[in-house]
Each structure stands twice: as C-alpha cells, then as structure tokens.
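Chemist: Below: one structure in structure tokens.
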Amino acid sequence: MGTVSTVLSPPALRTGMALAGAGFRRWATYRQAMLAGAFTNTVFGFLRTSVMLAVAAGAGGVAAGYRGPQLATYVWVGQGLLAVVQLWGWTELSDRVRTGDVQSDLLRPVHPVLSYLAADLGRAAFALCSRFVLPMVVGLIAFDLYLPHRPATYPLFLLSMLFATVVSFGVRYLVNLTAFWLLDIRGVIMAWLLCSNALTGMYFPIAFLPGWAQAVLWYATPFPSILQAPVDVVVERGTAGHQATVLAVQGCWAAVMLAAAVVVQRRAERRLVVQGG
Amino acid sequence: MADRPTTAAAYRALLGAQLRAQTQYRFSFALDTAASALITLLDVVSVLVLFRVTPALAGFSFTDSLLIAGLANAAFQLCDMCVGNIDTMREYIRTGRFDAVLLRPLRVLPQLVFGDFSPRRIGRAAQALVVLVVALSLADVTWTPARTVLVVIAPLSGAVIFGAVFVAGSTTAFWFVESGEFANAFTYGGRDFTIYPVGIYPGWFRAVFAYSLGFAFVAYFPGLALLGRPDPLGTPGFLPWCSPLVAVLAATAAALVWRVGVRHYRSTGS
C-alpha cells in the first residue's frame, strides 16, 4: 500500500515537521544540562586528542593513514556527534512499554516509528546547534584541526550526519522495542553500550583494527555508520570516491534499520500487555 | 546496645532486595553480566589497539603502558564496586527521592551505596585484578619488599582517590539540579586520564588533572615506582611513593564537600 507516498504526502510532512519542531523545543528547554554535557564533551576532547596526538607522534606522523590534525578532528567531531546521534541514554520508549503508556502512541494516526523519528531529528537539530558547536569551537581554538579542502565535503558531511542519526535512531529504537519481550532491558542496554563504545569508532578509529575486522564492521554491522562514517567524510579520508562509498554504505544501513524498526514494531504490537490499572 | 546488629540487618535487607530484583529478569541479567564484563576490558583493549599502530606512547613501551592501564583499571573498578552508585544521586535529587533517603534512620552515603548495589561490580573488580596480574607479569619489574607493598597499596589508594572524586562530583547536584553529566568530566574523565602516561597531556591540562586533582597518583606514579623509572617529566623522586598520602587528603576534602552539600540540600519538590 503506497507507504512511501503516504509518508511523503503534504499533511504527513507537516505532521513530521511539527513533531520535529516539538523535539527541538523540548531539548532546548534543558539549557543547564546541555551546557554540562558540552563541558564534559570538551574535557573528553582534550583527553582523547592528547592520546591520539601521542599515537601519531609515536607512529612517526601518520597512524593508519590519519595525520595528527586529522586525528584531532576525529576526536572533536566525534565528541560533538555523540550528542547529535545520541549514542547513549535513550530509554523513553522502553519506559513507556514498561509503564503501559505506549498504548497512547499506538492510538495516534501517525506510525510510531515515524513520530519518534521526527521527534529524534528535531532533537538532533538542537544538538547540532548546541552540543556539536560548543566543543568544536574549543577544539578549533586549542588544537590544529584538519579542515576539509574540498568544498563539496561540507554538504556531504551534513548528509552523513543525517544518515548517522537515522542509523543510530534505528538501533536505539530496536533496543527499546525488546522491552515488549523482556520488560527489563538493562542487559540489552549494556550490550548496546559495549557496541557503541567499541565498534562505532568512539574508543579508537576503526582503521586501527586489522583489515578483516574493519571489513566486517563496515559492511556487516551498522555501528561504523553511526560515528566513524561522518568523521571519515569530514577528514576526507581517501579519495572523493571513498567518501561516496562511505555515504552509500550509510544510506543502505539507514534504510535497513528503519525497515527493521517497522517490521519489529509490527511484531511487538502483538506482544503488547498494558500494565498498571 | 542492640543498635549495631539492627543497622547491619537493615543494610543486608537493602542489598538482598536489590539482588532479588535484578535476578527476576534472567535473560536481561545474563546479558548485563556478560556485556559489562567486556566493557571492563575495553580500556585495556584500547591500549592494545593503539599499540597496533604505534610502537610507543610518550616514550613508554607497550608493557609499561599496559601496567599503568592495569593499575588505573584496578583502582577504578575497586572504586566503582564501592561507591560507583553515587552517580545516581543526581536522579535522587532531581526527582525529590533524596527526601526519603534523609528521613530514614540510616546514614545517607551508605544508603545510596547499598540501595543500588549491582553484584556484577564484584565480578568487574575481580576481572580488573586479573588484568593487573597479567600486566605485572609482562612488565619488567624487579621485585623488592617496598614494591611488593606498593603493588597492594596502589590500587587501594587509587580507588580512594577515585571515590573522593565521585563523592565530591555528586555533590554538584546539590547546587545545580540539572548538572547532568558535569561530574562525569572528572569521574569518567579521570578514569580515561589515568590509563595513559601523563606526559601525553598538554601542560596546563596535566597540571589540573594529574597534580591538582591527584590523578597522577592513581596509576602513573605507582607505575614509575614499580618499573624503577625516573619520571621523564622530572618530578622529584619521592612523589611516586606518595599515593596513600594523597588518597587521605582527597578523602578528607571529599568528606568536607559532601557535608556542606547535604546541609545545603533543599528539596526540589514536585
């Protein structure tokens, strides 16, 4: 049934924009928490840049194909992206499953995956204006960062961040959906915490791993598409062709994760037990 | 006279209730245990990964760095086992649940620690000690009686220093209710800081984290003393043996800040 044309119809787009706007305003309310978060990202920026520059120095200037300034950009863009893709700490949906509030999501005329996605994109837009920009400014002042040489990289980076947010949303949504089966998703959250730290490029660049591990991670898992991909796009790793490949991989994973969210959502609804009373 | 046993029984009951609650959902519990065991290894794994692309970090070889990372990890996990829960205090304050904590006839800090205890933390600490033993066996340590004492004391004083930072950091929520991740910059930031030789950090940053907050005394200085290396940064030769003293100072300072914080507490209400 023309799902795609329904989603892209003017009324549906208006609803999506309204939900995104609400997501933006909701997160813009917590300014103190935003500043605290940006401060923490900045401190971690200093910590990780020091480590990466020591690695580059030890390796004689180039580590796994990255020069010092590229590694510094990797760290600061990574710290800014953490909040944009909201790598950690989203349990809103699973909390609603546990309390039974999720029933009101299911009664709405908008598909739950779409309404949560729209709100999440609004949140990401606010994070981009605040949590991304603040540490980036500090990083630019304090370190010699690599800035893109090709003008086309800037719009491609924005697109890559959009894909990254969608992929991250898909993973988080699926993690939350397990609450329909498990109720207590502490274990799943912990497993996601492990993957998000070790496999997205957060702890170390994926390129520091052996070649076979890199290939498996990039093509068989969505994780590098969440963090390493936008970073590799902005530091112009490899040729413009490599940039295009990275974006294509991300685009595929964004589509796969959204489709998976919709399919699992349908199955989860059959498991619905409304708690409380 | 009957006062002491009752208090102990109260803590036992709190602990037991937590254990029962967490083992209710078996699959989640098993996954939680497995994943958190791997997360504990992540710091050491990242040292391994970094040394795939570089032969040295600030002049420290792989085995030397691994020893520092092992000491840091052991100290952090010991601390996390005991007071890591204090992290949740900002939630207690934000939601007003801290009122209930204050009303009970038990001391505040132990209540927070026992009220949210996860058994997996014991496993994590044990795992960190195993990693430390492996790192010690790989490193080139000439054992003397003094170093044997140091290797036992270092993780303990490191844990006290981390604990002091956790407790002091949690008090920011008394003043700024939405302080969110602010304290993480120093608690988890401190953990990341201690994993590597302090020589990799820029001067002023090192002055704040290594010396003012005392993080150099967690793993870097004890590591130097164990390896018998002089500090390439040229600090005096007695400093590597001062960790216990720094731990006592840090704990005293944290206790003072905590006391001021609790007195400052005004319920958020709702």
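Cβ coordinates are placed from backbone N, Cα and C, and glycine is handled just like the others.
TrEMBL does not curate its annotations; it predicts them automatically.
According to TrEMBL, the record shows the following:
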type: TRANSMEM; residues: B:29-51; note: transmembrane segment
type: TRANSMEM; residues: B:57-76; note: transmembrane segment
type: TRANSMEM; residues: B:125-143; note: transmembrane segment
type: TRANSMEM; residues: B:149-177; note: transmembrane segment
type: TRANSMEM; residues: B:198-218; note: transmembrane segment
type: TRANSMEM; residues: B:238-258; note: transmembrane segment
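So that I understand the layout, could you describe where these features sit and how close they are to other parts?
Modeler: For the transmembrane segment (B:57-76), the residues of the chain that approach it from at least six positions outside its boundaries are 40, 43-44, 47, 50-51, 125, 128-129, 131-132, 134-136, 138-141, 154-159, 161-162, 191, 194-197, 199-200, 218-220, 222-223, 226-227, 229, 232, judged by C-beta separation under 8 angstroms.
Residues 37, 40-41, 44, 63-64, 66-67, 69-71, 73-74, 76-78, 80-81, 151, 155, 226-228 of the same chain lie 6+ residues outside the transmembrane segment (B:125-143) yet bring a C-beta within less than 8 angstroms of a C-beta in it.
Residues 57-60, 71-72, 75, 157-158, 161-162, 165, 186, 189-190, 232-233, 242-243, 246-247, 249-250 of the same chain, all 6+ positions outside the transmembrane segment (B:198-218), place their C-beta atoms under 8 angstroms from a C-beta of that stretch.
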Chemist: Could you tell me what the rest of the chain brings near the transmembrane segment (B:238-258), counting residues at least six beyond its ends with Cβ under 8 Å?
Modeler: 109, 146, 150, 153-154, 156-158, 160-161, 163-165, 167-168, 171, 214, 217-218, 221-222, 224-225, 231
